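Visitor: According to TrEMBL, the record shows the following:
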- 21-40: transmembrane segment (TRANSMEM)
- 46-68: transmembrane segment (TRANSMEM)
- 80-101: transmembrane segment (TRANSMEM)
- 130-150: transmembrane segment (TRANSMEM)
- 178-204: transmembrane segment (TRANSMEM)
Amino acid sequence: MQEGLTQIRGDVAGSRAYKHFDLLLAATCVIVVCSNIIGAGKVAEVGGFAFGAGVLFFPLSYVLGDVLTEVYGYTKARRAIMAATAAALFAALMAGVITWMPPAGSWNSDLGGIDRQTAFEANFGQAPRIVAASLVALFFGEIANARVMALMKVKRGASKLWQRTIGSTAVGQGVDSLLFYPLAFLGVWPVSLVITVAVTNYVLKVLWEALLTPVTYKVVGALKASEGVEVFDAPGPD
């Protein structure tokens with residue numbers, strides 16, 4: 001534990017006001033919404049490995065989740081997860097409604113063999129199945145990540161942050177991948193592709209977390225010093 005920090009536990013941690021929590025909550029919402037809208041629908045291939053393009057940025061939500069849980073405790077992290085899930089749901093509903101609305105003839109011009117409405121649908125008209133799978137995987141994956149990290153800290157103490165960040169991400173991303181890819185694509189993609197993309201994405205996300213560990217240490221240290229607290233907030237039943 002860093003020197004000069006006040007230890008707080010349980011309900012006190014969840015009800016306390018903090019300097020930077022709202023900013024991190026907003027950042028989590030932005031990353032989740034952008035990842036779901038921009039990155040969810042494309043499968044990229046680099047060096048023979050196929051993976052969802054959103055994997056490049058979506059893991060940042062887990063890094064922020066780790067930071068939120070470590071600095072502010074499980075109760076605050078869960079609040080951020082709920083907000084991000086709600087934001088993603090609203091974005092999906094908004095995209096669906098706007099895509100469904102009939103286009104004006106003056107707007108729906110030809111774009112080199114494809115009209116604007118078709119192009120718009122290709123970009124924002126995700127199938128309800130994919131949207132539902134994404135929201136389910138997001139919520140349960142992030143909750144699993146936060147619960148594991150908070151429990152590890154309460155049981156083992158504040159040292160060895162890297163064990164908590166990587167361990168919780170391994171669990172949370174595992175839940176996310178196990179839920180999202182079968183729910184979204186089983187029966188649409190070949191089973192082999194579902195497995196390949198799910199496993200590749202999982203490995204890449206955990207590797208991302210490991211590579212970003214030095215950054216996580218810096219951010220966590222700076223935030224704890226600014227907030228002046230060391231939070232131990234074990235999750236109760238959700």
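Cβ atoms here come from the backbone N, Cα and C positions, even for glycine.
Nobody curates TrEMBL annotations by hand; they come from automatic prediction.
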Visitor: Can at least 3 Cβ pairs under 8 A be found between the transmembrane segment (21-40) and the transmembrane segment (178-204), with each pair 6 or more apart in sequence?
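Guide: No, these stretches are not in contact.
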Visitor: Can you tell me which parts of the same chain pack against the transmembrane segment (80-101), counting only residues 6+ beyond its ends and a CB-CB cutoff under 8 A?
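Guide: Result: 24-25, 28-29, 32-33, 36-37, 61, 64-65, 68, 120-121, 124-126, 128, 131, 134-135, 138-139, 142-143, 146.
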Visitor: Six or more residues beyond either end and a Cβ under 8 Å away: which residues meet both conditions relative to the transmembrane segment (178-204)?
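Guide: Hits for the transmembrane segment (178-204): 43, 49-52, 55, 59, 129-130, 132-134, 136-137, 140-141.
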Visitor: Determine which residues of the chain contact the transmembrane segment (130-150) at the Cβ level, with the cut-off under 8 Å and only residues 6 or more beyond its ends counted.
Guide: 32, 36, 40-41, 61-62, 65-66, 68-70, 73-74, 77-78, 81, 84-85, 88-89, 92, 96, 164-165, 167-169, 171-173, 175-177, 179-181, 183-185, 233-235, 238
